[in-house]
Amino acid sequence: FPCKEEANVTEADFFFSGLANPGVINNSVGSVVTGANVEKIPGLNTLGVSLARIDYEPGGLNPPHTHPRATEIIFVLDGELDVGFITTSNKLISKSVKKGDIFVFPKGLVHFQKNNGEKPASVIAGFNSQLPGTQSIAATLFTSTPPVPNNVLTKAFQIGTKEVDKIKNKLAPKKS
């Protein structure tokens, strides 16, 4: 991101109130992420930090994803979550966490969070990057443009073309 001329910098470049309230959840996975990165807070440029708030309905999931440019640390504001990441040797490291707990997801590793409670849950996530990036595994593989060839997906997941098409249809962005 380009740096602003000093004369054009204001307090608004260092302020964001978007994490104060829960986000509106309107998707099939039952969670929503509200980012507070350099795109929303220009003053983060070159500072190497950002935050996000993740809200979950009961049973809601932040699906398996990675952050290619950052380690993530979460602090549980409310509720209880099952969280985990998969190491490069394919070992699942997981834990149930509750209000006040902290859990760390190492940079670039596939990880997830799922609300295991009967009430909504929320976390604040910290990143050691001004723009950590997020790559959701399912969406990346099944909704890319141009699409990943079906013969790649059928062989990788050991499923048929009908199943691939079904997944693609479920994950496709809703047309308005």
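Cβ coordinates come from backbone N, Cα and C, glycine included.
What TrEMBL records for 17-165 is domain 'Cupin type-1'. Helix first, then strand, then coil: DSSP counts for the domain 'Cupin type-1' (17-165) stand at 22 helix, 58 strand, 69 coil.
All protein chains considered, the CB of Glu72 (oxalate binding site) has 25 other CB atoms within 10 Å. Per TrEMBL, oxalate binding site is recorded for Asn62, His67, Glu72.
Every protein chain considered, the tally of other Cβ atoms within 10 Å of the Cβ of His65 (Mn(2+) binding site) stands at 20. The annotation Mn(2+) binding site is assigned in TrEMBL to His65, His67, Glu72, His111.
In sequence order, Ala52, His65, Thr66, Ile74, Phe105, His111, Gln113, Ala125, Phe127, Pro132, Thr134 are the same-chain residues whose CB sits within 8 A of the CB centroid of Asn62, His67, Glu72, the residues recorded for oxalate being left out. Of the chain residues outside the Mn(2+) site list His65, His67, Glu72, His111, Thr66, Ala70, Phe85, Phe105, Leu109, Val110, Pro132, Thr134 have their Cβ within 8 Å of the site's Cβ mean position.
Distance noted between the C-alpha atoms of His65 (Mn(2+) binding site) and Glu72 (oxalate binding site) is 12 Å. Residue pair His67 (oxalate binding site) / His111 (Mn(2+) binding site) shows a Cα separation of 9 Å.
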